[in-house]
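Under the heading zinc finger, Swiss-Prot lists 3-33, 79-108, 143-173, citing sequence analysis as support. The compositional bias 'Low complexity' annotation in Swiss-Prot covers 111-121. Sequence annotations record features per position, and here Swiss-Prot assigns repeat 'ANK 2' to 306-333. Per Swiss-Prot, active site, nucleophile is recorded for 436.
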């Protein structure tokens, strides 16, 4: 016997192995233990039942690893009596009135089709497909399903491999889709074989072709099959999707990622993500594109064309919506002095940083060495009315001004102060983010933003180095304030410490919103009182009251000596989670504006009268008083007079005097304001004809 004759061929890969091998050397398939039947039974003769029983009882060797017996005769008899579904071609049992797979109604046989009898059907059956071939097809597909192809080098790896053996490329995430596609391919092959058997069992070869389904149920089944085929998807489509997403990500910039994070933040209620996007200068009116929606991959939440406002309304984020709506109204072009003169602004920031010092001693708080108060120049009144209107639109926050004046009388409610005493307050526009408090403080003093976080750093360092002093005041004030509203409770020291740690953390985070305690510390850094005029209640964008704001009142630098502080306060406005600087316009200075008060000022000094009572003539609260400093209204008024220059007007309004002088003001601030105002002086408005010109025209006529 030759060498070729003693080898045995593998039934899977046809590799010729040595006689001693019990498995195939190439594919590891087991060696068959006997002859494999390759002849097709029932080829030219009618099968005999007895012979079929004997044949079914004989041992048949199957190349399948599970060694399933190949029972052919009984299987052919059963399939010949089954009926095929006209929708999915599935072979159902004769007693079934509906298809087991797709539930389609069994169709009645047409007159041209003769009923299937056992004899005729068996005689009409052509050479049936050998079950060996069917099992081989199944095994080939199973082997294919047990491997995955590397997308980088196209090497076929085992299913258990976590990465490619050749190039170490990780396993793709679409293994389920690949297996599903393989299963669909296997079922299609088997259905083709079943369909061939069914066609062979038909009595007449010239039967008419069946008409396509026209009923509503048949149409629905077609749609279901189409949707199922689309859901399976292919590996190529999945790879194209991954490639498309990768291209989108490569095109994304930092601003784009901040915008997507803000959108997710609105859905999940994360306000910090929205503030981070706003602080970076992002456009609040930006809409989601198709690529961005595809990248977010949450169709239930995001849709093309949505903005942050749409998402806030959809998910009922009222706090975010209030801030975003304010941002929309401020979307108009703004032009403040700090924007016109960037070089001077940088010099002023360096001056501020150089003027920050730390006091030596037990109370080691930081403070500013210069007293500066920002006012709008009186030369604005010399501009034409149209230019004045343009200037105020670009430098003021009209929404804040309207809310503090019209919606609730908080500022400029006294005609005596606003008209006769020239003490009208104007709300300057600034950034609507967590830094608005620090911006408004620097705007009320130096006329610029806290862009370099110089004031925030001084705030954090003061809170950290003087934590014991401020903590005692804060704890005592919070306890008294709660009891004043009838809330009698006691907290453990650990809870107080946790709340205080949160206040400290806010001071160190750029863009984080600040609280009343931070205003109290800022009063010590400035070494001057801070008066906050604000709304009393938090309200939603629908106008619903949500709670008390607690910001309005007077903040005195009580931990300093009075001799170390200035008595000229600054004013801030608070509306809907936003602080604004309230400044006055320069005036000529009058000696008789305060009833019974002799100001002893020259014409260069501007005196602004800031009311210490609200529109109902109730004294403003003084924040963070100790138990010894608390008292009745007369005692609090006495305390205000000790820390500020106060007087009573002819109308009986208790006011504090804010004094400023252009001559004594910082030269850099004066130069910045003059350069900003020159831009409006050069604007030539479209004026109408004068009276003299009209008369000349009349004479010509």
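Glycine is treated like the rest: Cβ placed from N, Cα and C.
Counting only same-chain residues six or more apart in sequence, the Cβ atoms lying under 8 angstroms from the Cβ of residue 436 (active site, nucleophile) belong to 430, 578, 579, 580. Taken residue by residue, the zinc finger (143-173) breaks down under DSSP into 3 helix, 8 strand, 20 coil. Look at the zinc finger (3-33): DSSP puts its residues at 4 helix, 6 strand, 21 coil. Mapped onto DSSP classes, the zinc finger (79-108) shows 3 helix, 6 strand, 21 coil.
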